[in-house]
Amino acid sequence: MEQDLALQVARQTGDLLLQERLNFIKLIENSTPDNWTVFAKGLAQYEAALVAAADAGVQVLLQVQEDGSTAITTVSEDPWTYELSVFFAATVLTTIGYGDVAPVTVWGRVFCIGFALLGIPLSLSFIAATGDLLASFAAYLPIKSISAAIPKGKRRTLVAGLGTVSLLLGFIAVGGVMFHLLEDWQFLDAFYFCFITTTTIGFGDFVPSNYEMLNIESPDSLRYCTAYIMLGLAITSTVIELVRRQYAESWARMQELSSRLHGLSSPLAVALRRMALTGATEMDLDPELMRQLRDMNRALAEADHRDVEDDPWDELLIMAEKKKRITFVMYESAL
C-alpha cells in the first residue's frame, strides 16, 4: 500500500533536486554583484529540494568527471523494506509508536487502524503470557534460600525491591550495550532509548536505523530491536505486575481497616461522651464495643506485621508456580 507511493515521491523529489541544481548552476554562471537576491532565492530553493529528497529517502551520489567537474545522480530506494515494515508493525502493536515511519495513503491508514484494533489486544496477551513464562523460571532460582539468608523485616522487603528494580535496569543496560555497538550511540543515549522503549513511551528522538538514507544494507539492528521490544515489554510487565500486586494488597487492607474504623467511630464517640458525663471507666463500656476495639487493635497489629513480612519475591514465586490451564473447545457443525 505504501511502497508504490513512497517510490513515486522519491523519484519526483529526486528529479526536482536535479532540476534545482541545474537552475542554481545557471544562476552562478550568470550572477552579477547586483542580483545577489536572485542568487539567494535560488540557493534556498536548491536547499529545500535537497532536504525534501533526503526526507523521501533519495540517495544523492556525487561523481567527479574527467575534466574535474562534479555531477550528481539520484537513486530512489524503497523505504518500506520487509525489515522496516516488521519493525513498524511491532511499534504499532506494542503502542510505542516512534513516529519516524508512518502510513501516508488512505488505505494504508485504514489498514493501520484495523491492524491496531485487532493486533494490540493480541499483542498485550502475548506479552503477558511471555511475562508469566519468564516468571516461571523463578522457580529454578534459589530465591527462597536467598530470602532465608536475609533477616526478616523491612530489610528483606528493601532487598527484594532493589533486586526487582536491578533486574529491570540490568536488562535495559544490556540493551544499551547492544545498541551502543550496533548504532554507534553513546551508552547513555542507548540506555535512554532502551528505557523509553521498554516503558512504551516512545518519544522517537532515538530510533535504530543502521542504514544510510533508508538504504538498509545491514538490517540486523531492526531485527534485534524488534526482538528486544517484545522481550523487554514482557520483563517490564512482570516487574510492574509484582509492584501492582503489592500496592493492591496494601490498598485492600487499608480499605478494610478504614471501613471497620468508620463503623466504630459513632458508637465509640457516644461511649466516650457518656464516660465524660458520668465519670464511668472503660470497665463500664459496652462489652460488644470492647470486643470490637480489641479485634480492631489485633487487625492493625497483624496488618503492620504483614506489611513488614511481605516479600515481592514471594509474589514472583506464586506467579512461577501458577499452573496454566489450556482449554480445547470442540465444535461440530450440523451442516
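Every residue gets a Cβ built from N, Cα and C, even glycine.
Your range for transmembrane segment, going by TrEMBL and the list 80-99, 260-279, is 80-99.
The predicted model assigns the domain 'Potassium channel' (168-245) a mean pLDDT of 82.
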